[in-house]
Amino acid sequence: MSGFLIALFWVIFSKYVFDVLFFREAKIEREIFGNKNLALSLSYAGYFLGLAFSFYSVYFYESLFREVLYLIFVSFTLLLGVYIFDLIFLRKIDLKEEILRGNAGAGITQGIYFLSLGILISASFWRKESFILSVIYSLIYLSLGMVMLFISTLLMSRLLKLNFEEEVKKENFSASLVLGSITLGVSVVLYGAISGEFMGSLIFDLFSTVLYFVVSQVLMVIFYVVVEFLLFRKVILSSEVYENNLSASLILSATFIASAFITLAVMG
């Protein structure tokens, strides 16, 4: 019962924090239900899924004060992580403005990144005797994970010859979906790497995480080449995504996410 009450408080608290930090000028209910803003709905859906995944992995009741403290830390980390990603990788566009004007590509980009970061946070969170120690360990792994998300997105942007920033701004939903699948795939790999058995040393654990990431990127590229040049030789999938062909983006998205699970199988 206490877990349910804590979760209820956390969801309500997180919802209002999200509204204030991201969309304080907008009337959320009117945007979603009155204006039928799909972009904002996608962003919200990803946010709540990210919260739920974090709660599932982080919550372990010890004391009311301690659990509330942990969950507030997770909420702010989730919001801060998405803000930093927007600031660094999508710095040329105002994602909030794009979402409010109904750009579904911007909405799915932010929504999937919320989910990806929720998965990453749940893997990165280390429950130690000291709250401060828990925060430090968690931030080390989370920071490493965010750097890897950025590197992977940059790498695939070059490989596919797609400027994701420009495509999101142009309301290219297909490109946004591919971008989301890349971040989701990497977060799944990192979840498997970080949440595995502790190797007895922080340095060894960090090295193992980097190794997982490198293998995942190699496999992601190999799978892309196989799908692009062997399975679908008569079309250039990346060009189709550029033309906002949703069918092509679904093929590529499935390829990137599948490569993540195969990485876990190979490395496991």
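Positions of Cβ are set from backbone N, Cα and C atoms, glycine also.
Listed features, source Swiss-Prot:
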TRANSMEM  5-24  transmembrane segment
TRANSMEM  37-59  transmembrane segment
TRANSMEM  69-91  transmembrane segment
TRANSMEM  104-126  transmembrane segment
TRANSMEM  130-152  transmembrane segment
TRANSMEM  173-195  transmembrane segment
TRANSMEM  210-232  transmembrane segment
TRANSMEM  245-267  transmembrane segment
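Outside the transmembrane segment (69-91), and at least 6 residues removed from its termini, the chain residues within Cβ reach (under 8 Å) are 6, 10, 13-14, 17-18, 21-22, 47, 50-51, 54-55, 58-59, 109-110, 113-114, 117-118, 120-121, 125, 127, 131, 134-135, 138-139, 142, 146, 149-150, 153-154, 164-165, 168. For the transmembrane segment (5-24), same-chain residues at least 6 beyond its ends with a Cβ under 8 Å from one of its own Cβ atoms are 31, 40, 43-44, 47-48, 51, 55, 59, 61, 64, 67-68, 71-72, 75-76, 79, 83, 96, 99-100.
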